Amino acid sequence: MTTTLQQRENANVWERFCSWVTSTDNRIYVGWFGVLMIPTLLTATICYIIAFVAAPPVDIDGIREPVAGSLMFGNNIISGAVVPSSNAIGLHFYPIWEAASLDEWLYNGGPYQLVIFHFLIGIFTYMGREWELSYRLGMRPWICVAYSAPVAAATAVFLIYPIGQGSFSDGMPLGISGTFNFMIVFQAEHNILMHPFHMLGVAGVFGGSLFSAMHGSLVTSSLVRETTETESQNYGYKFGQEEETYNIVAAHGYFGRLIFQYASFNNSRSLHFFLGAWPVVGIWFTALGVSTMAFNLNGFNFNQSIIDSSGRVINTWADIINRANLGMEVMHERNAHNFPLDLAAVEAPSIKG
């Protein structure tokens, strides 16, 4: 009898926990994805803050030349970063228990792996949680689809690119200057500016900004007047009101005359789908581009494409970019290479004595 009561009580505790996790009445929805999201994002955040403030220098290139990234070792907010794990570790999984000591783990950049793996699991589960809450509320599932764009971009630079290059030391550093260094080296080694998928991403981000500004300014300029001149326009809207707060016909008429009729949406639903889809598709393409360049399928190379009748090269902007790329390449990891990879890959000339 006692066992039966105990089992029933345990079942009730589990049922209460399940109903709490999946309840949409909570101030912040938890969800089953949230059960994994909360501890992983907390772990990533706490480790990142500690490492950014106090981590000792990391031997990122695997050549016994540690690079300092934390505030306590001479950096500021701009130059500071969590430095990627050592090239000596490569793609090996490097948790704390794989190191001989905590000092060794820190020296080889263990915190970087801890942060990015927990962060990636955290953002994957955040995306799942968006779907889960939409499902519970009977909404359509496109919020998590839109969020998949930045998730794909983060996965590309923190996971796919290091896998393709053979080492987590090639992942993006977790800091401001480190991010710019990553971008410059990426251009030097992969010519990303000449990759069509990056171009589509630029069109997505800049176009999305343009369309967002256009939409916001058009709506704000065609609000239905509900207030006096001395009151804020914002008081003219009551949360949950049934009436439209702006005149879409006026906005359509204005923009249709400013450009031409068919450049202006006359359907609010298709308009907002377009506003969501444009930047998302662009960022998808950029993430796909980075993921292919990870395996050295690089941007277009038009170096020395134009030659005169005598066979002399007529330099174009492509050759200027190539010179810049070589300059950036010889400057990065200065003590790890004697030559940029492009020059080192050329077969040495034979020497006849």
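Yeah, the Cβs are placed from backbone N, Cα and C, and that goes for glycine too.
Residues or ranges marked as transmembrane segment in Swiss-Prot (evidence: sequence analysis): 29-46 (among others).
Under the heading transmembrane segment, Swiss-Prot lists 118-133 (among others).
A sphere of 10 angstroms centred on the C-beta of His118 (chlorophyll a ChlzD1 binding site) encloses 20 other C-beta atoms. Look at Swiss-Prot and you will find His118 tagged as chlorophyll a ChlzD1 binding site.
Swiss-Prot lists Tyr126 with the feature pheophytin a binding site. Tyr126 (pheophytin a binding site) has a Cβ environment of 19 other Cβ atoms inside 10 Å.
The annotation transmembrane segment is assigned in Swiss-Prot to 142-156 (among others).
DSSP classifies Tyr161 (site 'Tyrosine radical intermediate') as helix under the three-state reduction. Residues or ranges marked as site 'Tyrosine radical intermediate' by Swiss-Prot: Tyr161.
The [CaMn4O5] cluster binding site annotation in Swiss-Prot covers Asp170, Glu189, His332, Glu333, Asp342, Ala344 and is backed by sequence analysis. Under the DSSP three-state reduction, His332 ([CaMn4O5] cluster binding site) is assigned to coil, being neither helix nor strand.
Below 8 angstroms of C-beta separation, residues 251, 254-255, 271, 274-275, 278-283, 285-286, 288-289, 292, 299 of the same chain, each at least six residues beyond the ends of the transmembrane segment (197-218), sit close to that stretch. The transmembrane segment annotation in Swiss-Prot covers 197-218 (among others), and the record cites sequence analysis as its basis.
For His198, the entry in Swiss-Prot reads chlorophyll a PD1 binding site, with the evidence type sequence analysis. Look at His198 (chlorophyll a PD1 binding site): DSSP puts it in a helix. Long-range Cβ proximity for His198 (chlorophyll a PD1 binding site), meaning a same-chain Cβ under 8 A and a gap of 6 or more residues, is found for Ile192, Phe285, Thr286, Gly289, Gly299.
The Cβ neighbour count for Phe265 (quinone binding site), using a 10 Å radius and every protein chain shown, is 19. Per Swiss-Prot, the feature quinone binding site maps to His215, Ser264, Phe265.
What Swiss-Prot lists as Fe cation binding site is His215, His272. Around the Cβ of His272 (Fe cation binding site), the same chain contributes no residue under 8 angstroms that is 6 or more positions distant in sequence.
Sequence-distant neighbours of the transmembrane segment (274-288) (same chain, 6+ residues past either end, Cβ-Cβ under 8 Å): 142, 145-146, 148-150, 152-153, 155-156, 197-198, 200-205, 207-208, 211-212, 215, 265. Marked as transmembrane segment by Swiss-Prot on the basis of sequence analysis: 274-288 (among others).
A simple way to gauge crowding: the CB of Ser264 (quinone binding site) has 18 other CB atoms within 10 angstroms, across all the protein chains here. Nearest by CA distance to Ser264 (quinone binding site), out of the binding-site residues His118, Tyr126, Asp170, Glu189, His332, is Tyr126.
When the Cα of His332 ([CaMn4O5] cluster binding site) is compared against those of the binding-site residues His118, Tyr126, His215, Phe265, the shortest separation belongs to His118. Annotation note: Phe265 (quinone binding site) sits in a coil segment as assigned by DSSP. Here the CA atom of Tyr161 (site 'Tyrosine radical intermediate') lies 7 Å from the CA atom of Asp170 ([CaMn4O5] cluster binding site). Report note: the quinone site is defined by His215, Ser264, Phe265, and the residues of the same chain whose CB lies within 8 Å of the CB centroid of those residues, excluding them, are Met214, Leu218, Ala251, His252, Phe255, Leu271.
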